[in-house]
Amino acid sequence: MGVCCPVIRTRDRLLLNLPCLSDPVGRSSLFLKLALVALHLVFIGFLLVCDAQFIEKTRLHPWYMSSYFFFFSATLVQYFVTSGSSPGYVIDAMRDVDETNAIMYRNAPTTSLRTPSSWQKMVMDLYPPGTSLRNLTCGYCHVEQPPRAKHCHDCDRCVLQFDHHCVWLGTCVGQKNHSKFWWYICEESALCIWTLIMYIDFLTNVSKPWWKNAIIILLLVVLVISLIFVLLLLLFHSYLILTNQSTYELVRRKRIPYMRNMPERVHPFSRGIKRNLYNVCCGNDTLDSLPTAYELEDRSRSYTCLDMLKCRCC
């Protein structure tokens, strides 16, 4: 016991001085990030240590290998950029709206009868008039939630256009970082394919000791599984972006009050493929309003040949 007590006191002091380690959720997220970076380094490190021809190829084809290492570093940078980005919190958007309205109110002429519009009024305008869903207030944050917002219990905040909470990133994927997340999994898919080609070339090149073949086969299995996962994830989120949906809306459609009675094949927030891509790529931060009954009826119409010629889906 005498030896354990100083160790426990040292551990507690270290956890208090490092906030990222004192929180169990933050500690788990940090370890997952380190594990992901370590997995990337293991794949490239094995070739550097065990493949003598890999070093020779680096000398003979410096541009090819430099491109690989640059892409390898860019993928990790994109991972940390996405991990450190904000998904778009409701409390931050509410604060920005209130500050903007306060500035506009101060600069307005004294003879003007204009009054500042509050966040509550702005959120209510996003819901169709007459609906009973105009007073959705988060029971945890106690803020008015606009459409598509949801409270994340891991982040303990309401997130705009909540998609999902990614444990590997340690943050939510939402309105402001969905584009960064898509670019990261796109780069990760390309890096996995490139690394897979190098591993296959290493495996079929020359005869090697059995233990090297065993390690390379094990790493290949892990790499193929990872590639299948990220490719499916890339295709899935590409579909979500093209239709302006989120994972939460697609999976829990029947449990979301304002989407419960909508037809299954209707995407209520889609503005066409071109506008959806523009909003994601150009960082449009406007909040989506719920469509009216007339708009839902129009989107429920079946496509005709004339609609296809007019690119109605775009």
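Numbers here mean position along the shown chain, with the first residue as 1.
Including glycine, each Cβ sits where the backbone N, Cα and C put it.
As given in TrEMBL:
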DOMAIN    136-252  domain 'Palmitoyltransferase DHHC'
TRANSMEM  30-50  transmembrane segment
TRANSMEM  62-81  transmembrane segment
TRANSMEM  181-202  transmembrane segment
TRANSMEM  214-242  transmembrane segment
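If you look at the transmembrane segment (62-81), the same-chain residues 6 or more away from its ends with a CB under 8 A from one of its CBs are 36-37, 40, 44, 169, 180, 183-184, 187-188, 190-191, 194, 198.
Across the residues of the domain 'Palmitoyltransferase DHHC' (136-252), the predicted structure has a mean pLDDT of 90.
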